[in-house]
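*Asks:* If you scroll down you'll find the structure; I have some questions about it.
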Amino acid sequence: MRLDPRLGGAAALRLLLAAHVVAAFEPITVGIAIGAASALTGYLSYKDLYCRFAECCRSERPLNASALKQDLEEKLFGQHLATEVILKALTGFKNNKNPKKPLTLSLHGWAGTGKNFVSQIVAENLHPKGLKSNFVHLFVSTLHFPHEQHIKLYQDQLQRWIRGNVSACAGSVFIFDEMDKLHPGVIDAIKPFLDYYEQIDGVSYRKAIFIFLSNAGGDLITKTALDFWRAGRKREDIQLKDLEAVLSVGVFNNKHSGLWHSGLIDRNLIDYFIPFLPLEYRHVKMCVRAEMKARGSAVDEDVVTRVAEEMTFFPKDEKIYSDKGCKTVQSRLDFY
């Protein structure tokens, strides 16, 4: 097809799209196809039509708080603090049409307590394709930043990557896994993007979301949970104020943390330090039931009990908490 040079770019693109639509729906006649397309233009903009077939960045897309709340309550076990804080933080941030800075969350706790799972739930509620979305970016420290001698290179690459992706989608989500294995200093490269700047080199980062996942601080969280248990208090009585300050200081001074002496903490750029409590026997059983349902299997309580009892628990005397959380539930269930 030869296009009239007098046509604008958008008009030309619409003609090409119409031609492809007509070709794709043969033997529908050209007249009917054009008529249908004309009718559609009265109700749908070109962008709306395009976004039905390709993923679009919808930074202004409202958060379905009810759906997020349901996902967290039904899929995350034993984490009342994480559920409450994440729901409030995301809802408040997305409802704010003019945030002063990006939302920055730091998730802490032992392996298997649900940090990765929560980041997946958050991603799916912000962008329909979740972790597969073009606007959700996952960095794994041991994979993407493995060599200590290349810290400067990693910092430059990280800045360019974030700048480019936020330019393409203001509501981009960046997830940094294994922060406890990240070489100190790397993450400080993104400090300007998390600060209270309206723009940096013509780009606004205020609607982006940054999520850090770390095992660092797990011992502090477990100690607090254990103190509550030994005092005869419910784990649900633990409040954010009981842990957040201890976590921020502990992570800042932890040499095995990617946030060791980080300007992100020093400048108070992390909005919430979110503790993930160690999981008890009853929570492990919940994980087994959920995995069985996800596989389309009927829940067999005998199998649930056998899988849960195969897990190891600590402290040595009390045996209250699973030392791997729910991390090995899937592989153990394969034996049944």
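Note: Cβ is positioned from N, Cα and C throughout, glycine not excepted.
According to TrEMBL, the protein carries these features:
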BINDING   Gly109, Trp110, Ala111, Gly112, Thr113, Gly114, Lys115, Asn116  ATP binding site
DOMAIN    279-336  domain 'Torsin-1A C-terminal'
SIGNAL    1-24  signal peptide
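I'd like to know what surrounds each of these features in this structure.
*Replies:* Listed in sequence order, the residues of the same chain lying 6 or more apart from Lys115 (ATP binding site) and placing their CB within less than 8 Å of its CB are Leu107, His108, Gly109, Leu213, Ser214, Phe276.
Across the domain 'Torsin-1A C-terminal' (279-336), the prediction's mean pLDDT works out to 95.
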*Asks:* Using DSSP, tally how many residues of the domain 'Torsin-1A C-terminal' (279-336) sit in helix, strand and coil.
*Replies:* 29 helix, 5 strand, 24 coil
*Asks:* Determine the most Cβ-crowded residue among the binding-site residues Thr113, Asn116, using a 10 Å radius around each Cβ and all protein chains in the structure.
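*Replies:* Per the Cβ count within 10 Å, the most buried is Thr113.
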*Asks:* When you measure from the Cβ of Trp110 (ATP binding site), how many other Cβ atoms are you left with inside 10 Å?
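*Replies:* Taking every protein chain into account, the count is 22.
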